[in-house]
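Visitor: Encoded as structure tokens, here's the structure I'll be asking about.
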């Protein structure tokens, strides 16, 4: 028994085949097992061996027929037949051609005769090329030409090719190519075609010899203008042709066209696309090769030759014929007495093949009549066969293109069936794979298979039972597991065997290693996760040469300090005893490129030179750029500087150079990993001197003092000097005058002009000079002499439209000539002199604001002022360096504005009582007229015109308290008060109370968060406080007030600053920047301060600050 594993990267298939060898005691008709080819070509220098091997019991005897007649081997001393074989050996002495002919072998024993194919023996021939004298071929330039080859006929035909007298191949292209017949075609001849000769060569395969034809000499008559011509076909001729090809062979079609310019060839198939998997377009599109031709490849194939002048088509009608091929080949038949059977011989071809039956090598019609046999065309039926009727039957299917011959014996045995395979075999297969369970047997009839000892025979659907007893399971599934019983029986006995099938999960690589491109010296890791059947141990193998830097875990391969020699393909192979799976990944190790080599200079000129180099190894990362650097030994010797960067696909560049520089160059290659080492320097290249090309840049003039002007510029680079003794000639004169230009020459980059008037414009220009001449002059730039203090002040500074936070300004501008420099701005200085509220201290820091305006009646707006305050201001005019004298000082008063928040707010609770206390705002922004208190106890309670700074709320039940104050810059405090107080019992320790409070707190917190998200804006206040912008009350502060204990309101408490205070109220300030705390008696005391809101320009809106924390105050 033979087991074949078919393995690919996805899964493996297991096929089980048996070679059934009947016992040596069983009689069997002959069977041909080896024979020579039908068309048998031999080398005349070797012995001729015609093979014919057969088996059978008893051992067959052999005889041969040659050209249809008995061939007496014993009479020819040069011919021998091998022992126990029909193979003939013919010695090579003499003339081998004497033995050419058609041979057929007959193998016979007591039970029949088997015959071989008819073997056509031919001797290989390699005739010499006929002698001929070839005259020179004369052709005009642009005309087409065909050089015929006409090789001598050989057996098999020789392979042809063209060479010149120097044994060099003729270069072929779209214009010049060899045809299928060996001729050399020129679509158009060029003058250069006459520079060589052309010789056709024939190589004979069997003799391994090459014969050369006398060469052609080509003479081309040149013309001044070669006319362009429309394509015409050189091969095949005309516009259509036909071709017959046999099924299974290859189709070769050719189109070669003449024309100027050389035509392009394209192929199409009428009514269908060319079959891309079978078609090859070769010989510069001139040849179409179609492999393994089948009937559907019939049709019209069109080649089109075109150039810019026109196009032409040729259509080839292809007909596919077929030599006979098998549909049902007759197979050996073993029968017991009185059994029935049949031989079937079906073949197809074009034309349809003729079927002929033979028995023991002779036409069946000439055999003795057999009442138990019936011939029905391609089928022979046997019924109630008897001992002694064994024979070998031959089926011959033939048409005009060939024939098929098959031997099939009918062996009548009087013996019980025999099982030949091992007993109780265990076969393991992979799920969903095609599986074959073999039942090797000898005898008749064919066995039947049963699963788990139940049911009828297995055939159909998922199962297919072959005539040899093999059971095919198309897709093995877990439910196919079990014991399969093979039963063979006839009238002489019964035999059976069992096979146990186990279906296993396939071995799969669920995470395959991935391709990696990694720089040298880094660490690489390949992962390979495997899933397999738990009952089958799996081993994971990594395929790659190992070394000390590679660590292989079961499913991981790690390579440290990657080197170039680690590059390659790494394969993870997972194997169990019945299948295997593998996955591969490619490691590409990249590195910096090697430095370029062999720098050469060529094409020298005054301002350029060509630099050529040989690129170094890219080290698996393409070179993207080449950086060319230079070093010169006159101005900055030893310093390498960047000259130019070029694309990575160049290795020869033209360098633009500067005069009077002694260059040497080097090249650096750059890829994605980094830069290579610099190449070795090139030879030096000295450019000649020249006047400067570049005008000094950065020219400007400005005054460092009120009576001078400094002229400065940037020095030329060393490669811009173009010669020795570089100096600069700078020229100047007053603008808008007809003065002569003043000039001076200097080697520095600055020149100072003294004794100038204040802030006078000058025209300035410059040029560079060396020993070879001067550069072009620069463009004229305008510079100014130094500035002085402005001599006058703005007048009539006054204010208007005063409100609480802004004021409008107006003034009379200064005469521009008195600015004594470049006008910068009018600068207003102002400060808060005092608050109109007695006793309120203010910050008197002087502030300023600039106004850039050149209007005849300038004005401005001063904003961000404090309300209800006294301000003073004055104005100056400023140039770039100085400020002028002060204007008149103006005093004004801002109006009242919205008050700030109370300075602090304090809360202390007792049973049923809340004591509220606050202080006036830090910035009242006007005269306070009272406070308004607002809170909720299920209904809105509003208390207005409170003049005091405290309030007591009594008789409280469960409620939420919102407290707000008027004026609008108010405070709102949200307090949750629980006043169900009992003398004997603290409900804060009760479970029901704690659960209720948690639920209520969560609901309130969610409500306040939603409110905050939709309405809040601004910054944060210290402590736990929030101001909410609401459509009901634009100023809402929420205080976080909580209680840990219910104690009497007496004793000492610790304040936020750590001091101990004695107070009946237990009030502790909640200051800005501090954290809220609980006091010893459980009360929470908060004090806050609120920063002043800033009004916008129009003074009708204020910004509001918020804190994102909501507070719950609980009391028991």
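Just so it is clear, glycine is given a Cβ too, placed from its N, Cα and C backbone atoms.
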Visitor: Scan 1065-1090, 1091-1116 against TrEMBL and say which stretch is down as region 'Disordered'.
Guide: 1091-1116
Visitor: By Cβ distance under 8 Å, which residues at least 6 away from the ends of the region 'Disordered' (581-603) in the same chain are close to it?
Guide: 9-12, 506-509, 512-520, 524, 526, 528, 530, 559, 562-564, 566-575, 609-621, 623, 626, 651, 654, 665-683, 685
Visitor: I'm a bit unsure how to read this: which one of 30-116, 231-319, 695-788 has the highest number of Cβ pairs shorter than 8 Å with the domain 'Ig-like' (130-211)?
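Guide: Stretch with maximum Cβ contacts: 231-319.
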Visitor: Is the domain 'Ig-like' (422-502) in contact with the domain 'Ig-like' (30-116), using at least 3 Cβ pairs under 8 Å (sequence separation of 6 or more) as the test?
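Guide: Result for the domain 'Ig-like' (30-116) with the domain 'Ig-like' (422-502) is no.
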